[in-house]
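Sequence annotations record features per position, and here TrEMBL assigns domain 'Ammonium transporter AmtB-like' to 44-390. According to TrEMBL, the transmembrane segment annotation covers 12-31, 55-75, 82-102, 114-133, 140-158, 170-189, 209-228, 240-259, 271-291, 297-315, 327-351, 363-389.
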Amino acid sequence: MAPQYAPSLRSRLAPMLLVLQLGFILIYAFYIEIESNVKVYGITFSNLYPEFQDVNVMVILGFGYMCTFLVRYGFSGAGFNLLVAVIATQWAIILNGIENWYYRGKIRIDLKSLVVAEMCAASALISIGVVLGKTNPVHLILIALLEVSGFVLNEWLLQTLLKVPPLNSIMLLHIFAAFFGLMLTRILYRKGSEQPFEKEKVDRKTGLFSILGTLFLCVFWPSFNSVLVDNHTPGRRLGAVLSTYLALAVSAVTAAAVSSLSSPEGKLNPIHLQSCMLAGGVSIGVSMPAVHQPWEAMTIGFTAAVVSTIGFRYLKSHMLLAFKCHDTCAVLSTHGLPGLLGWLAHLLLQIKDCDDHTAAMRFAVFHICSLFITISLSLCMGIITGLLLKWNFWRPPQDKKCFDDQAFWEFPHLAVQK
């Protein structure tokens, strides 16, 4: 018989949060200072702050509401998203400034540093979607710390070894997060998970809140893709905004069409719309440096939606049966496959626009190497994180307590049955 109550996390969660936060405060007190220059990298505060707000809304509200689709896991989906986001952002600021500290003795931060840190935190939030409902908050904090560490290391390797531009390396966050999460859920696989968990259910009310999160992401995704685009070249940032909007619009229409076609009754699946319509934004973000025409962005959005919707319909169950990967939020279909498609589109478009065959071949080799490094490092970090989380010291929830808010939250209005 399963225990009535989930294991208490008082001796695990509170000490971890306090130690982490006090440690961050000490690091920030001795080694971090605010950049005094008003204008950095050609970007002024007034120009960047509105886009920072957009990225912040995506990370806090967009991803938070998207995780509320489970009937009995809405509080945890939104609340743990906020907890992970703020911890991962603070940690990413420190990691991104290590090189600056090494040469100058101080980490100087500005608004751009905060935007980059929140984008690193977004990669952790995407990974957490794979194991949503099957972990406790202690697990999620450890995942965030290790995933962000791996992602920042991946950025450094790409920029140092392959001279990949910072924007290109950061936009690989979708691929890194998806494969990190898949390897993590494979290591944490629970025997008997071939069948759906007892409380892994969706209803109309929670689905509506989740769609609200999708709307937040759709509205602000153009800022997410364009905020780090070089502002010195006229029209580049405008082109990124327009390309992202067109890709999202086309992917929304295409996802609706493919969802209806793949349904035996010809009906629309709301989960397809809320997840697969974002595929265009993912793909265009990865391929954006090579996209110069509206039709290219629209074609990428169309193809991404087709791949994502078909993957969502058929791939999720096959991944569970064949590879024992239980993907709660279908992150592989929403971020992984569209990210790979965007990488391929970047490669093809760059070769098409290159007149020098030697330069084209050189770019192809470096581009393939960047993907190889990203996937390899993400899988390795997923293995390390999964092996760490399998330790019973962290008190994982029992199968009966998965996908249940009452395992972690107080609800005074509910009577306690003994």
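Including glycine, each Cβ sits where the backbone N, Cα and C put it.
Computed from a predicted structure; not experimentally measured.
Highest Cβ pair count under 8 Å relative to the transmembrane segment (240-259), across stretches 12-31, 114-133, 297-315, 327-351: 297-315. As a whole-number mean, the pLDDT of the domain 'Ammonium transporter AmtB-like' (44-390) in this prediction is 91.
At the 8 Å Cβ threshold, with sequence separation of at least 6, the transmembrane segment (327-351) comes into contact with the transmembrane segment (114-133) through 3 or more pairs.
Non-local neighbours of the transmembrane segment (82-102) in the same chain are 20, 24, 27, 31-32, 59-60, 63-64, 108-109, 113-114, 116-118, 120-121, 124-125, 128, 137, 140-141, 143-145, 147-149, 152, 156; each lies 6+ residues outside the stretch with a CB under 8 Å from one of its CB atoms. Remote same-chain residues near the transmembrane segment (271-291) are listed as 66, 69, 165, 167-168, 171-172, 174-175, 202, 207, 210-211, 213-214, 217-218, 221, 224-225, 229, 239-240, 243-244, 247-252, 255-256, 258-259, 297, 300-305, 307-309, 312-313, 329-330, 333-335, 337-339, 341-343, 345-346, 349-350, 353 (criterion: CB distance under 8 Å, separation of at least six residues from the stretch ends). Nonlocal intrachain contacts for the transmembrane segment (140-158), taken as residues 6+ away from its ends with a CB within less than 8 angstroms of a stretch CB, comprise 16-17, 20, 80, 83-84, 87-88, 91-92, 95-96, 99, 120-121, 123-124, 127-128, 131, 164, 166, 168-170, 172-173, 176-177, 180, 184, 370, 373-374, 377-378, 380-381, 384-385, 388-389, 394. The transmembrane segment (209-228) shares more Cβ pairs under 8 Å with 114-133 than with any other stretch in the list 12-31, 114-133, 170-189, 297-315.
Of the candidate ranges 12-31, 170-189, 297-315, 170-189 contributes the most Cβ pairs within a distance under 8 Å of the transmembrane segment (114-133).
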